[in-house]
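Right, one structure below, let's go through it.
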Amino acid sequence: MHLGLLALALVFFSSMGHADNLKASKARRQRRISTEVPPSCSNGCEHCSEYNGCLKCRPRLFILLERNDIRQIGICLAACPVGYYGIRNRDMNKCTQCKIENCEACFSRNFCTKCKEGLYSHRGRCFSSCPEGFTVNGTMECVVQCDLSEWSPWGPCMKKNKTCGFKKGNQTRTREPLQVPSPATSTGAAPASGCVPEIQTQRCTVQKKIPCKGENKKNQQNRGENSKNRGRDSKERGGNKKRKNTNRSTTVPTITTSMVT
């Protein structure tokens, strides 16, 4: 009797194992069929599968692989999201995650463009404070520390590099660096962009129009020629009047012919 019960138990467990194997093989077969027959791809995708999403994006788009448990699902984007940078290849454009320490956004594998909150950006890296010889600006970037002089007086009012012959122009003033940065702070890949002269420009109005030097002689010559022309015109008008009066005083003799009978 015990042997019969044992045999029945073995048959039962073997049938259960066979059923589980059938279910697993059926699931694998359905998964293989779903990958072989491509479903309708999302926007911007050329080749895709139901299990892994997009496999190849259209040209000019980037593929981003998002992890979902043990799977990686591909999606197509026009630009990589924050924390990733784009790599363009002939076969496919990919979004690669930034791996620079304390970096939120990067331009390439070795250059960070935005650090985490409270940190300062310097030459593509993130620091808790700016290096010696540098100071922070309004965008949390370390720039060359540079002291500038006071503003110079406003320059003359000019237009097209001239100080005459106009009514309105521009004038400028500058302030220069008080000292040149040391080589230790100005050498390297990044230029000393913070230590440069500053220039301000404003509109100006000339109270009295100043003629240029050449314009005075030209104006005098023009006035002389105009006076000569006026004198010549007056003489010509006087001669014409005399000739008209002479013509009026001269009488032409008339000849009268009569008949004698």
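Residue numbering: from 1, along the chain as shown.
Even glycines carry a Cβ here, placed using N, Cα and C.
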Candidates Cys126, Cys130; Swiss-Prot says the disulfide mate of Cys115 is Cys126
Disulfide partner of Cys98 per Swiss-Prot, picked from Cys95, Cys106, is Cys106
If you consult Swiss-Prot, the disulfide counterpart of Cys80 among Cys76, Cys95 turns out to be Cys95
For Cys115 (disulfide bond), the same-chain residues 6+ apart in sequence with C-beta under 8 angstroms from its C-beta are Asn102, Cys103, Glu104, Ser121, Cys126, Met140
In this predicted model, the repeat 'FU 2' (92-136) has a mean pLDDT of 89
Running the recorded positions Cys80, Cys106, Asn170, Cys195, Cys212 through a 10 angstrom C-alpha radius around Cys164 (disulfide bond) leaves Cys212
One should report the C-alpha separation between Cys57 (disulfide bond) and Cys98 (disulfide bond), rounded to whole angstrom, as 21
Secondary structure of the repeat 'FU 2' (92-136) by DSSP, residue by residue, totals 0 helix, 25 strand, 20 coil
